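As recorded in Swiss-Prot:
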BINDING   Trp59, Tyr152, Lys278, Gly311, Arg395  substrate binding site
BINDING   Gly119, Ser120, Asp249, Pro312, Thr313  pyridoxal 5'-phosphate binding site
MOD_RES   Lys278  N6-(pyridoxal phosphate)lysine
Amino acid sequence: MPDPALNVAELLDLDRRHVWHPYGPMPGRQDPLVVESASGVRLRPADGSGELVDGMSSWWSAIHGYNHPVLNAAAREQLERMSHVMFGGLTHEPAVRLAKLLVDMSPEGLEHVFLADSGSVSVEVAVKMCLQYWRSLGRPGKHRLLTWRGGYHGDTWQPMSVCDPEGGMHELWSGVLPRQVFADAPPAEYEETYADHLRSMVERHAGELAAVIVEPVVQGAGGMRFHSPAYLRVLREACDAHDVLLVFDEIATGFGRTGALFAAEHAAVTPDVMCVGKALTGGYLTMAATLCTSRVAEGISRGEVPVLAHGPTFMGNPLAAAVACASIGLLLGQDWLAEVKRIETGLGEGLAPAAGLPGVRDVRVLGAIGVVQLDHAVDMRAATKAAVREGVWLRPFRDLVYTMPPYVTGDADVARIARAVCAAAREG
């Protein structure tokens with residue numbers, strides 16, 4: 001007999017005692033919101049307290065909203081064929097179709113696709129590709145990574161090593177993680193002195209650098225900062241001049257979030273390796289990908305160990321791949337850029353009043369991203385409650401109250417989200 005349905009209090013009690021939440025203690029100290037269902041851009045709490053407009057796209061992934069009929073149909077149809085099959089020695093249409101879609105839509109030259117389980121894993125794979133590339137070429141001394149401060153690349157081992165080591169989410173591990181090379185954080189506008197700093201850092205460390213890895217145009221969970229695309233061209237030129245690979249982490253920025261399909265397009269630059277995730281499946285299932293050029297793939301294949309020794313159990317999962325294909329088709333089949341620009345305009349207008357609030361350091365908007373930065377650590381509980389009172393779900397952190405809404409969010413809901421961000425900044 002199945003267990004009888006649990007009421008909200010029972011769910012929360014079990015959750016508190018047994019379930020570990022992201023960046024949370026055990027046992028839990030705060031009760032999360034129990035969500036019963038979601039549709040469009042709205043979450044329905046199980047306590048009947050009223051729907052909430054989702055201002056977070058479930059950590060930036062649900063770009064089409066929830067319960068979308070096209071994505072639902074893709075999942076159901078694939079489920080009836082096969083939900084999973086191992087990817088070692090086997091292949092299948094959803095994975096092959098997805099790889100071709102990614103190659104066709106990505107910056108020219110990225111020809112090869114490794115399908116991963118999550119964004120962090122895709123960064124692990126990217127790092128492994130770069131290190132193995134130089135080992136295959138007989139240059140094992142090129143084993144370090146250069147990045148700029150203020151970044152975030154994930155919570156597994158190598159990604160943690162290229163997150164900001166001072167004040168970042170993984171400062172606890174600074175003594176045991178691989179020691180990487182850090183440039184200063186990029187300024188918002190182009191500054192030639194900073195460009196020279198980047199050139200100097202690449203040149204100085206070229207003999208030990210396997211790759212430079214950065215989040216292009218937008219630094220995500222490290223601080224939601226924006227920077228000039230021109231720095232990407234500076235890095236491309238410096239890496240080419242000094243024989244260093246270039247990796248772009250597009251996990252947060254990919255699939256239109258910044259007003260370009262991939263943020264690399266703002267600079268007309270192709271990296272040697274690119275990571276994508278989050279919005280890849282429209283927020284339905286966990287999947288990410290690492291793309292690379294033929295130079296990288298062929299270099300690895302010429303080595304003493306001519307294979308990329310990485311094989312997750314759920315690699316190329318057909319269910320996730322089928323939904324990813326449907327999500328990409330949905331994105332490309334509409335005027336996604338007009339929708340992102342519409343949201344950008346709405347957030348720009350709606351967040352402007354926040355600039356006059358006490359305690360607000362900066363307000364910035366790019367594409368479907370809106371950020372209010374405070375001059376103090378946000379009171380997450382107070383800020384979240386303020387947003388919920390406005391009928392909106394937000395997840396502030398550090399000194400930030402921000403939103404990255406689904407692209408299908410209507411004008412009235414964009415305005416509501418902006419009001420909620422302002423309220424959260426005021427209360428938090």
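Heads up, residue numbers simply count up from 1 along the chain you see.
Cβ atoms here come from the backbone N, Cα and C positions, even for glycine.
A straight line from the CA of Tyr152 (substrate binding site) to the CA of Asp249 (pyridoxal 5'-phosphate binding site) spans 9 Å. The separation of Lys278 (substrate binding site) from Thr313 (pyridoxal 5'-phosphate binding site), Cα to Cα, is 19 Å. Across the residues the record lists as binding pyridoxal 5'-phosphate (Gly119, Ser120, Asp249, Pro312, Thr313), the two Cα atoms farthest apart are 23 Å from each other. Considering other CB atoms within 10 Å as the measure, the emptiest surroundings among the binding-site residues Ser120, Thr313 are those of Thr313.
With all protein chains in the displayed structure included, the most crowded Cβ environment within 10 Å among the binding-site residues Lys278, Arg395 is that of Lys278. Each residue contributes its Cα atom, and for Gly119 (pyridoxal 5'-phosphate binding site) and Arg395 (substrate binding site) these two points are 19 Å apart.
Minimal Cβ crowding within 10 Å, among the binding-site residues Gly119, Gly311, Pro312, is found at Gly311.
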